[in-house]
Amino acid sequence: MGGKVNPFSFRRSSSSGGNTARRRRTTKKVGGESSSLLLQSANTPSPSSPGKPVVVAVAKPKKKAGGARLWMRFDRSGESELFECDKSTIIKRAGIPARDLRILGPVFSNSSNILARERAMVVNLEYIKAIVTAEEVLLLDPLRQEVLPFVDQLRHQLSHKSHFNTSGTQGSRQLALRDTESNLTASGRWLPVNETADGLQAELPFEFQVLEIALEVVCTYLDSSVADLERDAYPVLDELAKNVSTKNLEQVRSLKSNLTRLLARVQKVRDELEHLLDDDEDMTQLYLTRKWLQNQQSETLLGGVGSNSHNNGAHHLRRLSSVRSASMVTSINMSDNDVEDLEMLLEAYFMQLDGTRNKILSVREYIDDTEDYVNIQLDNQRNELIQLQLTLTIASFAVAVETLVAGWFGMNIPCRLYDIEGIFQQFVAGITAFAFLLFLLVLGYARWKKLLGS
């Protein structure tokens, strides 16, 4: 038994143990060299080399970058491009804090906000979620059905204005150079340029052009929604006034729910514009182009511009740059805190939203009037039922009195009236007349007390 080998023994020979050790060392060595490979040892011998294990290297699949969302970029000329980008890249590109991107997320999808930052403006108006800088627009989820009108209008207007500015650049340069010659005094100082006198018309800055398009699209959408609501509301309310039924009441309930949601959406946009109009500092921070030019001027001054004449020339060059790019709203001699153009822009759309809100309130007043009319109708019917019930109660009282008298004579008590012939008809007629007279008497008392209508 000592020299024989049990055929059912599970012990392996020394050569088999050496191969296993070598396999483990090979696996450890290869795994240390490349952590991205997954090594699998197969005990099945390979056809080329019987008795040896097969080592298969399988590459791990790359993890997809999480948080990437679809954006569309617009430049000043209206050129656009689609790209996917994560939050960190957008934060570095636009120079905004990370918490501002939460406003553009799904949690705040029903809110309306316009936030001003150092280099960008965060716009969240209804379904329009964008980051606007002095040079470009980053639009989130541009392929949504609701956002497509804004994309088309933004591309069309920016391209149109870019073409108009390009065609008029040469003439503007000549007029600007003529201004520089006519406004340079003998002392070497620049005089303020009167843009109206020279026929030049300054446009809104790029960020305000985008904001104006966004407000126009949102206000148009809200107006159309209110028009659809009015078109559906008045026939339903008129039908309810004619016939108070469960179906009509359900339609009015659904209509009122839609009206409440629409009023809340309009109110949010209106309140955001009102908040900006009440705070001049916030409106000043929205002038991104002005801040961008001021930063450029500061960098130029820090770069070695020392003479006063050269500083005044830099001021006027900034004026010429505004004419060339058609993005400056104010002239050079205006204060940095001037917000007249933005205030006029916001006031125009604030008044439009206020008119839309008044339309919704008028529809709600009509609904309230219809509900009051229906309640009056129901109260009137309820009063009629109460009067009918009171009349029946009086009649029941009179019949009860007659029944009481009949019950008295129905007892087996000896009475001389039973012996009188033909007394039954007379007695029944008498107590019936008494009951009817009692009914009229109580009914007249109820009318006298105005418990019953005439």
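Note that Cβ sites are derived from N, Cα and C of the backbone, with glycine treated the same way.
Residues annotated as region 'Disordered' in TrEMBL: 1-54.
Residues or ranges marked as compositional bias 'Low complexity' by TrEMBL: 8-18 (among others).
Among the features that TrEMBL reports, compositional bias 'Polar residues' is placed at 33-44.
Feature annotation from TrEMBL assigns compositional bias 'Low complexity' to 45-54 (among others).
TrEMBL lists 252-283 with the feature coiled coil. Mean pLDDT for the coiled coil (252-283) in this predicted model: 93.
TrEMBL lists 390-411 (among others) with the feature transmembrane segment. Packing against the transmembrane segment (390-411) from elsewhere in the chain are residues 417, 427, 431-432, 434-436, 438-439, 442-443, 446, 451-452: each is 6 or more residues past its ends and has a CB under 8 Å from a CB in it.
Annotation comment: TrEMBL describes 423-446 (among others) as transmembrane segment. Away from its own ends, the transmembrane segment (423-446) comes close to residues 390-391, 394-395, 397-399, 401-402, 405-406, 409, 417, 452 of its chain (Cβ-Cβ under 8 Å, at least six residues beyond either end).
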Do any residues, 6 or more residues outside the coiled coil (252-283), come within under 8 Å Cβ-to-Cβ of it, and if so which ones? 110-114, 116, 125-126, 218-219, 222, 225-226, 229, 232-233, 236-237, 240, 337, 339, 342-343, 346-347, 349-350, 353-354, 356-357, 360-361, 363-364, 367, 370-371
